[in-house]
């Protein structure tokens with residue numbers, strides 16, 4: 001602390017410990033994200049086309065009961081992953097932070113290298129997926145404009161928002177996400193009204209479409225009868241895997257934002273605690289409403305045009321739903337905006353750690369890593385595949401690829417958290433954590449096992465003879481060998497480099513080392529500076545009841 005001013009610290013200043021970070025570059029990032037920005041970046045990225053569009057495909061494939069159960073399962077998974085990342089990010093909210101930085105610091109460099117590039121690749125693909133979904137939605141409302149034009153408009157608007165200063169980006173994300181949340185609340189309320197017969201026809205829907213053969217709670221899936229236990233379990237398991245796309249990489253948005261957040265030790269726990277309640281409200285009630293109001297055999301869910309009618313919200317015949325067209329079309333912009341932000345920061349962090357070209361660490365005078373933003377955006381231009389292929393087909397490709405990448409990222413994040421926790425215990429510092437979450441570490445062990453099984457069984461339907469498809473097989477499994485090549489290739493490179501530096505003829509040190517020893521894990525560097533910054537933080541005091549409500553909400 002200098003002259004009563006706490007020194008902010010970036011990942012660049014931990015080089016002496018991790019041995020891989022540049023010393024000065026990440027000072028250029030700006031802390032401009034307020035509490036409401038952090039909360040809505042994470043939430044806005046989570047609530048996107050996975051709910052508005054992807055849920056329709058799940059509903060038509062397996063039925064409403066597996067859809068609802070799958071979303072509840074994934075809400076619990078995301079809650080645990082969010083808690084793991086929030087504990088680490090709140091403890092060390094350094095500038096230029098990223099999940100791979102924690103992986104390198106608490107586990108080992110090769111895993112961090114593979115994880116970093118996996119994150120960047122997944123975020124870039126997610127931007128492309130959101131642009132594709134946006135084109136699908138917009139093509140429903142009007143086909144007068146070519147799909148390539150819609151993709152261009154979406155991609156350029158996302159790029160423009162990410163090139164501006166971080167405070168402008170955060171403000172745009174907050175208001176855009178607010179529109180989306182209001183939309184979902186309206187849709188849930190509308191669903192409740194229709195459920196009890198409050199629509200124009202006064203038809204009390206109830207659980208009508210869950211009744212056997214009307215068309216039923218379970219759709220026939222990979223078995224001859226919906227009454228078999230095997231068919232129902234396979235339907236639930238497939239729904240859980242596919243539901244992962246709706247949540248994938250959204251917890252990481254909060255961790256990435258930590259390095260650019262104002263008062264991170266106050267604002268990150270606040271965002272993390274409220275995140276799960278909002279997910280439960282929107283995804284839990286949203287998925288239940290979908291299954292209640294739309295039968296799984298609705299032909300519009302299986303439309304060959306693959307437009308926005310594939311969204312169960314738009315498939316509703318009630319006229320009030322049509323009024324939600326505008327917010328539905330805004331959803332891809334919002335989620336794509338958040339994913340481009342996180343992808344560019346991941347690439348920026350990789351550059352600082354010498355795991356990506358140095359050019360990607362360049363920033364504007366306002367602290368925006370423009371080179372990383374442009375590189376991530378260029379990969380997202382794969383969305384133009386939609387021009388020559390079915391929009392639904394391209395969307396499924398992108399969702400499958402990003403889902404498996406996200407599952408792998410969650411596995412690595414949970415392993416990293418367990419190593420971090422063990423190191424804190426080893427050094428007697430566990431009690432110093434500024435933010436601690438319940439059921440740890442047992443919840444992490446359980447979810448780690450669950451997500452590992454989901455990852456290994458992803459794409460299993462393609463092995464049924466009647467469902468074999470080479471493109472679906474590659475989309476479901478290509479990420480696994482790519483990740484292994486990155487991981488093993490980096491370990492080989494490190495081993496060869498060590499041999500060359502020591503001038504020995506055999507490989508030495510590192511290749512068969514899969515994690516740092518617990519006693520060697522550094523959990524101290526940066527803590528003092530973050531403690532000092534927290535000590536000088538003065539929380540705002542509400543002056544009236546309006547501000548009290550606002551501070552609680554945002």
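Cβ coordinates are placed from backbone N, Cα and C, and glycine is handled just like the others.
According to TrEMBL, the feature transmembrane segment maps to residues 68-86, out of the candidate ranges 11-29, 68-86. Of the given residue ranges 311-329, 330-348, 349-367, TrEMBL assigns the label transmembrane segment to 330-348.
Annotated by TrEMBL as transmembrane segment, the relevant range among 94-118, 394-418 is 394-418. Counting C-beta pairs under 8 angstroms (sequence separation of 6 or more), the transmembrane segment (439-464) reaches the transmembrane segment (68-86) with 3 or more such pairs. Contact check: the transmembrane segment (68-86) against the transmembrane segment (181-199) gives fewer than three Cβ pairs closer than 8 Å, residues 6 or more apart, which falls short of the contact criterion. Across 120-141, 241-263, 275-294, the stretch most heavily in contact with the transmembrane segment (368-388), judged by Cβ pairs under 8 Å, is 120-141. Among 275-294, 394-418, 470-488, 394-418 has the largest number of CB pairs under 8 A with the transmembrane segment (120-141). Long-range neighbours of the transmembrane segment (394-418) within the same chain, counting only residues 6 or more positions beyond its ends whose Cβ lies under 8 Å from a Cβ of the stretch, are 49-50, 53-54, 57, 77, 80-81, 84-85, 87-88, 99, 102-103, 106-107, 111, 115, 118-119, 121-122, 125-126, 128-129, 132-133, 136, 241-242, 244-245, 247-249, 251-252, 306, 382-383, 385-386, 441, 444-445, 447-448, 451-452, 454-455, 458-459, 471-472, 475-480, 483.
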